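What follows is a short report on a single structure.
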Amino acid sequence: QINLSVIHQYVDYLVSEQNVKNVFVNGTTGEGLSLNIRERKQLAEEWVRQGKDKLDQVIVHVGALSLPDSQELARHAAAIGASAIAVIAPFFFKPTNKDELIAFLQKVASEAPAVPFYYYHIPPLTGVKIRVEELLDGIKEWIPTFQGVKFSDTDLLDLAQCINKNEREQFAFLYGVDEQLLSALAIGADGAVGSTYNYLGRKTTLMLQAFAKPDLALARKYQFLTGEFLNFVIKLGFGVAQTKAVMTFVSGIPMGPPRLPLVDASEDFIVKAKAKLDSIVWPDGD
């Protein structure tokens, strides 16, 4: 079951301990697609409520397999004052080309006509491999509120072409593969949305600052150390359940178990992951 009572503590932790002031609610790590509509609404409401005057942006993911469900969630996000909405491609009956995908996205975006809209591109999970570069051609004509893309794919050529061709549109490209963030920044990504920022947000902010200076050697150190941890846990088997376990032992906030078909991280994983994270010596001396 969802636990709304920890969100107040969660917001304060992200802001004060991790230097994170923007959240993406009901996405992959939040198991948004495993929740029912009522639960997703309750979570969105609580994040917006608790984030008031503390968070800069609360982006709510409203994608669903059912178009009416997605539209209902979009209307709700608009009503509660979400900063933006995002939509994943439907992934059981899949769109097979750009026009079909845009038609679906447009039907959702039009239900929240005053709210910035992001496309959430995550082909490793959806199997929808329509290139974003192709999708963006003329998209503002269909979706006037189109703001940008949460780009969760390793295809940096596609991302680079998006950024190169859409500088005039000033779309935002938020990168979603944490272990490759520095590569995405180098070709012009504007920011990041990812699971590790729950517990490595402060380290990632230091990487972003180093990149902006630019001190690429320092930025690489942070990226390599994040990658060292992720490479270690991926070999153990790393997914949403394991992310919850890491966040629990780092933050002290109980993230709870995942919902079936996902199953809890093993005690062996927790012991090994904690030891690995504790062993890393970061450039800031922590």
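The backbone N, Cα and C atoms fix where each Cβ goes, and this holds for glycine too.
Owing to the predicted nature of the structure, the values given are computational and were not obtained by experimental measurement.
Feature annotation from TrEMBL assigns active site, proton donor/acceptor to Tyr120. Listed in sequence order, Gly27, His61, Gly63, Ala86, Val87, Ile88, Ala89, Val149, Lys150, Ser152 are the same-chain residues six or more apart from Tyr120 (active site, proton donor/acceptor) with CB atoms under 8 A from its CB.
Neighbour density for Lys150 (active site, schiff-base intermediate with substrate): within 10 A of its CB lie 26 other CB atoms from the protein chains shown. For Lys150, the entry in TrEMBL reads active site, schiff-base intermediate with substrate.
What TrEMBL lists as pyruvate binding site is Thr29, Val193. Long-range neighbours of Thr29 (pyruvate binding site) (same chain, six or more residues apart, CB within less than 8 Å of its CB): Ser195, Asn198, Val240, Thr243.
Listed in sequence order, Phe24, Gly27, Ile59, Lys150, Ser152, Leu174, Tyr175, Gly176 are the same-chain residues at least 6 apart in sequence whose CB falls under 8 Å from the CB of Val193 (pyruvate binding site).
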